[in-house]
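Chemist: Below are the features I grabbed from TrEMBL:
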{"type": "BINDING", "residues": "A:Gly109, A:Val110, A:Val111, A:Gly112, A:Asp113, A:Thr133, A:Thr134, A:Lys145, A:Lys154, A:Thr172, A:Leu173, A:Leu174, A:Thr175", "note": "NAD(+) binding site"}
{"type": "BINDING", "residues": "A:Glu187, A:His250, A:His267", "note": "Zn(2+) binding site"}
{"type": "DOMAIN", "residues": "A:72-182", "note": "domain '3-dehydroquinate synthase N-terminal'"}
{"type": "DOMAIN", "residues": "A:184-326", "note": "domain '3-dehydroquinate synthase C-terminal'"}
2 protein chains.
Amino acid sequence: MMRELTVDLGDRSYPIYIGAGILNDIGALFQKHGIGKGSPLLVVTDEQVAAHYLDQVTGRLGEAGYTAASHVVPAGEKSKSLAMLEQIVATALEAGLDRKSTIIALGGGVVGDLAGFAAASYMRGVRFVQIPTTILAHDSSVGGKVAVNHPLAKNIIGAFHQPEMVLYDTATLLTLPDREVRAGLSEMIKHGLIWDAEFTDWCEANAERLVGLDPEALQYGLYKGCSVKAAVVSQDERENDLRAILNLGHTIGHALEAVGGYNELLHGEAIAIGMVGAAKLSVRLGNPEHIYTVTKRIFQKFGLPVSIPAHLDTDEIMRAMMHDKKFNEGKIVYIVPTEIGQVEINKNVSAEWVRDIVDQLKRED
Amino acid sequence: MMRELTVDLGDRSYPIYIGAGILNDIGALFQKHGIGKGSPLLVVTDEQVAAHYLDQVTGRLGEAGYTAASHVVPAGEKSKSLAMLEQIVATALEAGLDRKSTIIALGGGVVGDLAGFAAASYMRGVRFVQIPTTILAHDSSVGGKVAVNHPLAKNIIGAFHQPEMVLYDTATLLTLPDREVRAGLSEMIKHGLIWDAEFTDWCEANAERLVGLDPEALQYGLYKGCSVKAAVVSQDERENDLRAILNLGHTIGHALEAVGGYNELLHGEAIAIGMVGAAKLSVRLGNPEHIYTVTKRIFQKFGLPVSIPAHLDTDEIMRAMMHDKKFNEGKIVYIVPTEIGQVEINKNVSAEWVRDIVDQLKRED
């Protein structure tokens, strides 16, 4: 069974295919979408994913008559660099990629961002296919935001470059470690919290099946999560306004990741704490108490953290936040839930309030 | 006096301003085009241009209430690198550039391409203003093609990123060395040869005034040259078909630049020889003889080379060409004049014919 949905962006619209084992159909899907066989392809992946799936992908493409070169980078955030981009371009040149070629990102968010920026900039832009292999990447693989890091800032050199398609084989998720599964589901829950109360209820009711990687639950959850992302991106491709709501939980979340040195908390864990913080802020702003209790209860059901590790320093967290986000006269733009399944972009949240929330989150149980 | 024309690209349309001394009006022009004062600007330039014009630009912007940081790179092609991009981004971050900031390219083609790619990729794209300070850059500053080089290939990492405006102060051209002036005019003549017979006649009749940097002739010539470029780009922004005609003379030209080690022939000189070669090829294909005689006569009037230096090896030239362009079964896509002011995209030119032309160009007098 394969689910399909469309990211509606006019002449840049593209499909997302979700199903178990669909990597085996990659040749047929490429042909269906007019990816020609006259120009070589390049698969970019990391060492861990390559060990499991690279042969399958290049093998199936070869059987379908495609020529596919590959470039394997070390796993981890450090690969999102200009130096790695330069190496990928060298491989692309040696493999003879031309303007009609397609670059394929096979992996999680790091590979997607890196290969995506390579596709955006090689010969001023070639086609690009996302094959996410993590749950977290159901978020990052949709929407066309691609980038590499700079020594001074994350994701600061990049582009908006929409893929030709997203090919999401849920069979690749079965090899993920449990902690990564839970952290990945955090973004799925976020998509419910910002957009769809019914889906939020469904997530809570199906926490156990999702964490246990039940195929049917996983496919439905990813389908719904991608649908929310697609709907938001369709209305605001270049993040002028609405797209900001996807950052629910990210203000505190990013700061916690940074202060934890990017190895204490996974992204999904950090934003889970951040979403509990946003819910607390919501109640402080006069919204109903259940926004906080329900939000916290859901993340607890998924075994995700809902409090800030006590040894992380509040001053440091606030400094990291000020470095990451723009404060104007002590105010910050904050994504605040106004109901389960609804958020607002609040431009009037003071740094003091956020600091209070951070302090409370350190005492949360 | 200031001339103005528009590059018509729907919601990415932008004006080109051409006039002597208009750099002094930069503050007013920025305000007119809605460039806000709340976010810092960054001027990217090279050491040579900085010595002449950087203080003027930042000074005038400061008087108008803008905050402008600057980043100065060494002059020359080597600055078009990812390493330099990383340095520019560091300066941008330190200066606090945000998504509403504008990056300004003050210089020739190298600075325009480098700063343009920085603007295309910083925070996934910020605004960009071109201030060309060479005659050659009347070509490269219009049309939005920006890029850096890779050790294995020129211009291979880049984007299509249209500027907000092009501000062309012809007073900055008066300090150019004579050889660069002549070479720069080569692209202006090209714009006549591909599009406008009348303008070609005008160029020939005004060769002496142009080479002598007569202000009125220069402004008119640049205005007409930019107009042709703008018309072509408007019809084919992303070089799917028509835009290829801008490559008249470039097949042989690029090969000559490469074989000469990028220091024997200037770009404008190499493409002058290439355009004479294209005219010879045209006659061989059955077009009237005068296409060749007129083309050659014009370049001679501008003191530009019309023959290949005898010591450059034909085999090496052909190898460089095969590396640069795509030959399919011994055929190459070639821009061929069919009349003065008209060209065709000929997909049926054989490598053998091109080799003959190269041999003839080595014996040309």
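Note that Cβ sites are derived from N, Cα and C of the backbone, with glycine treated the same way.
Note that the coordinates shown come from a computational prediction; the quantities given were computed from them, not determined experimentally.
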Chemist: Of A:Gly109, A:Asp113, A:Lys154, A:Thr175, which is closest to A:His267 (Zn(2+) binding site) if I measure between C-alpha atoms? They're all binding-site residues.
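Modeler: Checked the binding-site residues A:Gly109, A:Asp113, A:Lys154, A:Thr175; minimum Cα distance to A:His267 (Zn(2+) binding site) goes to A:Gly109.
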Chemist: Would you mind giving the whole-number mean pLDDT across the domain '3-dehydroquinate synthase N-terminal' (A:72-182)?
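Modeler: Computed over the domain '3-dehydroquinate synthase N-terminal' (A:72-182), the mean pLDDT is 96 on the 0 to 100 scale.
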Chemist: Could you tell me which of these binding-site residues, A:Lys154, A:His250, A:His267, has the fewest other Cβ atoms within 10 Å of its Cβ?
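Modeler: Counting other Cβ atoms within 10 Å of each of the binding-site residues A:Lys154, A:His250, A:His267, the minimum falls on A:Lys154.
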Chemist: Using a 10 Å radius around each Cβ and all protein chains in view, which of these binding-site residues has the most neighbours: A:Thr134, A:Thr175?
Modeler: A:Thr134
Chemist: Excluding A:Glu187, A:His250, A:His267, which residues of the same chain place their Cβ within 8 Å of the centroid of the Cβ atoms of the recorded Zn(2+) site?
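Modeler: Residues close to the Zn(2+) site, other than A:Glu187, A:His250, A:His267: A:Leu136, A:Asp139, A:Ser186, A:Lys190, A:Gly249, A:Gly253, A:Gly268, A:Ala270, A:Ile271, A:Gly274.
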Chemist: Where A:Lys154 (NAD(+) binding site) and A:His250 (Zn(2+) binding site) are concerned, what is their Cα separation in Å, rounded?
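Modeler: Approximately 14 Å lies between the Cα of A:Lys154 (NAD(+) binding site) and that of A:His250 (Zn(2+) binding site).
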Chemist: So what sits near A:Val111 (NAD(+) binding site) in its own chain, CB-to-CB under 8 Å and at least six residues off in sequence?
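Modeler: Once residues fewer than 6 apart are set aside, A:Val111 (NAD(+) binding site) is near A:Val44, A:Thr45, A:Asp46, A:Val49, A:Val73, A:Ser79, A:Ala105.
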Chemist: Once near-sequence residues are set aside, which residues in the chain of A:Gly109 (NAD(+) binding site), 6 or more away, have Cβ atoms under 8 Å from its Cβ?
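Modeler: For A:Gly109 (NAD(+) binding site), the qualifying residues are A:Thr134, A:Leu136, A:Ala137, A:Asp139, A:Ser140, A:Ser141.
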Chemist: Any idea what the Cα distance is from A:Leu173 (NAD(+) binding site) over to A:Glu187 (Zn(2+) binding site), rounded to a whole Å?
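Modeler: Just about 15 Å between their Cα atoms.
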Chemist: Helix, strand or coil by DSSP: which one applies to A:His267 (Zn(2+) binding site)?
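Modeler: It is helical.
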Chemist: Just to verify a number: CA distance, A:Glu187 (Zn(2+) binding site) to A:Asp113 (NAD(+) binding site), in angstrom, no decimals.
Modeler: 17
